[in-house]
Amino acid sequence: MADPCSFCSFTGCVTKHLNLLLRVDFDRHVISGRVALTVEALEDRFSALTLDTKDLKIVSVSANGQPARFSLGQKHSFKGTPLDITLPFDLSRGQHVIVEVNYETSPSASALQWLKPEQTAGKKQPYLFSQCQAHHCRSMVPCQDSPSIKHSYYAQVSVPKDLVVVMSAVRDGHEVDPQDSSRLIYRFRQPVPMPSYLIAIVVGALESRYCLNTTVCLCVRQTETMLKTAEDLAGPYVWGQYDILVLPPSFPYGGMENPCLTFATPTLLAGDKSLSNVIAHEISHSWTGNLVTNKTWEHFWLNEGHTVYLERMIGRCMESEQFRQFKAMGGWKDLQDSVNTFGANNPLTNLVPSLQDVNPDDAFSSVPYEKGFALLYHLEELMGGPEVFMGFVKSYIQLFAYSSVTTEEWKNYLFTFFKDKVDVLNKVDWNAWMFTPGMPPPEVDQGKTQTWICFDQDLNGFKESDVKTLSSHQLIEFLSLLLHEDALPLTRVKKMQEVYDLNACMNAEIRFRWLRLCVRSKWEEAVPMALKMATEQGRMKFTRPLFKEVFNFDKFRNEAVKVFLEHRAAMHPVTSGLVGKDLKVDGSNTASQ
C-alpha cells in the first residue's frame, strides 16, 4: 500500500524517533538545524530511503556518523521534492540506522507563518506558529511525512531570550544557548509515537494564564470535566499534559489537536459555548486521530467522523441526548453545504475519496466529519443504541491504539465485534456510504435530529424578545435554516436587523451566518462588514464563504478580489492559496476572466 500524498515508502523502512536541534531566525524567517531520524529497516539488504521535503535547503546527510550520498528529485506541485538517500552500508531487517540531515527551511515554508510584532496582541515581539496537517511537516522537517508512520520525538529549539517556545510535547526545561548568550534553548520530549503532521511549534512572547476572560474561565473548568468524561467513554488519556493555546487571528482552523497543546482560534472567545465545543472536539482527537490514526488522508473520515461522534457523546453525557440531537442536525446542514459547494457528483464528497494527484488541502471539507458521523450514527441505531455502539468505538480505539488504520481494517473489526449482527451489517449499502459522492443513502433516518425549536419563517410575527430567549446554538440553527432557503428579499433582511439588531452580535458563528445572509440578499451595507470579518481573522470556515458570497454579488466582485489581494500577504499560506482559487485569482495578482 502506498500513500498518494507522500514520496516515502513505508514498506522498506519506518521512522521510530526524531531528534530535532533547531534554531529559529526571525530576521530571515527560517528555521535551520539538524534532524536525526532513527530508522528501522523492514527488509533485508536495505540501503536506500526517500524522505519528504518541500522547499528545504539540504546541507548534508550522514548515516551513523558516516557521510551518505543524497539527491533531490523533481519538484511536485504540492507534494514537494523527494530526498533520496543512499546509505554507505546495507541493513538487515530489524536493524536501525540514525540518519542525520542538516537543513534550512524556506521563508515561504507552507507549514510556518511568521508574524511581525505589529501583527500580534502585544505589538512588541514577533511570533511564529506551525500548522503541519495534512502534508506540510515536510516544509519544516525532512521526514516520512505520512500518517501511516508514527514516531516519538525530542527537540531542542534556540530562540531569542525574550521569547518562549511551546511544542506538541512535554516541556523539559530550558537553558542559555552555549553558542549565543542572547538566546535560550528550550527542550521538549514526546514519548508517545505520533504521526509527523502532529509536530507543532509556537514561538512568541507567550504568557501562561489560567483565565483570560469569563469565557475562557468557564472553558478551563469544563475542560477537566470533558477529559474525565472522555476517559470514561474511550479509555485512559496517554498524553500527559493538556494545554490550550489561543493563536493569532490568521490561524486557519477552529482548532488543531496537537498532542499536549491544542491550538484554538481567537474567534471562539466571543462565543458562550463555542470554545467548549471546539475543545470537546480537540480533546476527542486525543483518542481518535492522535492515538488511532488514518493510514492515509483518503481515510480521513476515520479521524474526523469518530472524533465528531465522541465529541457529541461527551456533549450527551454533560448536557443531554437532546443536545446531541441538536448538534447532529446542525452537522447535517454543514454536510449539505459541503456537498452543494463541491457538487453532488464530485468524488471529493465520497466518504473515502481517491487522493491520487489531489492536494489534500483541496479535499478538506465537512464531509469526513459529518458524513462520517452520519454513518456511525446510522450504525448506532442499527446495533442497539449509543451505549452499545460506544462499546465498539472504545474497543476499536484500544485495539488499534498507537497504530494507523484503513477503512477496510475498521470495517473488518466492526463485523468481528458485532459478529452476532452480521446479517444486519450486510444490509448496509457500504458502497453507497463509502465510494459514492453526494449525500448519504436515503436509508438514513434524520427524523430523530429534528430540533425542539420551531421557527416561524414569517418574520412579521417576531419580536426582539423571541430571539433574546434563544441560546447561541439555537440562533445559529435559525440562521442556518434560512441559509438553506433561497435568498431572502432585502426588505425581510432589513426587517430582521430592525427587530433583532444582529449587526451588534459579536459571536463569530452567528455573525458569520448573518453576514452571509445579508450579502446573499444583496444588502450593500453588509459588504464592508463581511469583508472586514473575512480579513480580521483567518479561520477558513469563515473567511472562504464570506469572500465567496461577496464575489458572487456581481456589483462587488472586483472589490472582493481587491480586498483579498491587499490582505493576502498577512494570511496563512493555506488560506491565501484556497481563497485565491475561490476568487479565480492567478499568480499575477489579477482576477482571471
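Glycine is treated like the rest: Cβ placed from N, Cα and C.
The peptide binding site annotation in TrEMBL covers Gln131, Cys132, Gln133, Pro252, Tyr253, Gly254, Gly255, Met256, Glu257, Arg539, Met540, Lys541. Counting every protein chain shown, the Cβ of Glu257 (peptide binding site) has 23 other Cβ atoms within 10 Å.
What TrEMBL records for His281, His285, Glu304 is Zn(2+) binding site. Cβ neighbours of Glu304 (Zn(2+) binding site) (same chain, under 8 Å, six or more residues apart in sequence): Gly289, Pro368, Tyr369, Gly372.
Note: Glu282 (active site, proton acceptor) has non-local neighbours Gly255, Met256, Glu257, Thr262, Ala264, i.e. same-chain residues 6+ apart with C-beta under 8 A of its own C-beta. Among the features that TrEMBL reports, active site, proton acceptor is placed at Glu282.
What TrEMBL lists as active site, proton donor is Tyr369. There are 23 other Cβ atoms within 10 Å of the Cβ belonging to Tyr369 (active site, proton donor).
Taken from TrEMBL, the feature domain 'Peptidase M1 leukotriene A4 hydrolase/aminopeptidase C-terminal' covers 444-583.
Reported as a whole number, the C-alpha separation between Gln133 (peptide binding site) and His285 (Zn(2+) binding site) equals 13 Å. For the Zn(2+) site, the Cβ centre of His281, His285, Glu304 serves as reference, and the other residues of the chain with Cβ at most 8 Å from it are Glu257, Glu282, Ser284, Thr288, Gly289, Asn303, Thr307, Val308, Glu311, Tyr369.
Closest to His281 (Zn(2+) binding site) by Cα-Cα distance, out of the binding-site residues Gln131, Tyr253, Met540, is Tyr253.
In sequence order, Gln131, Phe263, Thr265, Arg539, Met540, Lys541 are the residues near Tyr253 (peptide binding site), counting only same-chain partners six or more apart with C-beta under 8 A. The C-beta environment of His285 (Zn(2+) binding site), restricted to residues of the same chain at least 6 apart in sequence and closer than 8 Å, consists of Glu257, Asn303, Thr307.
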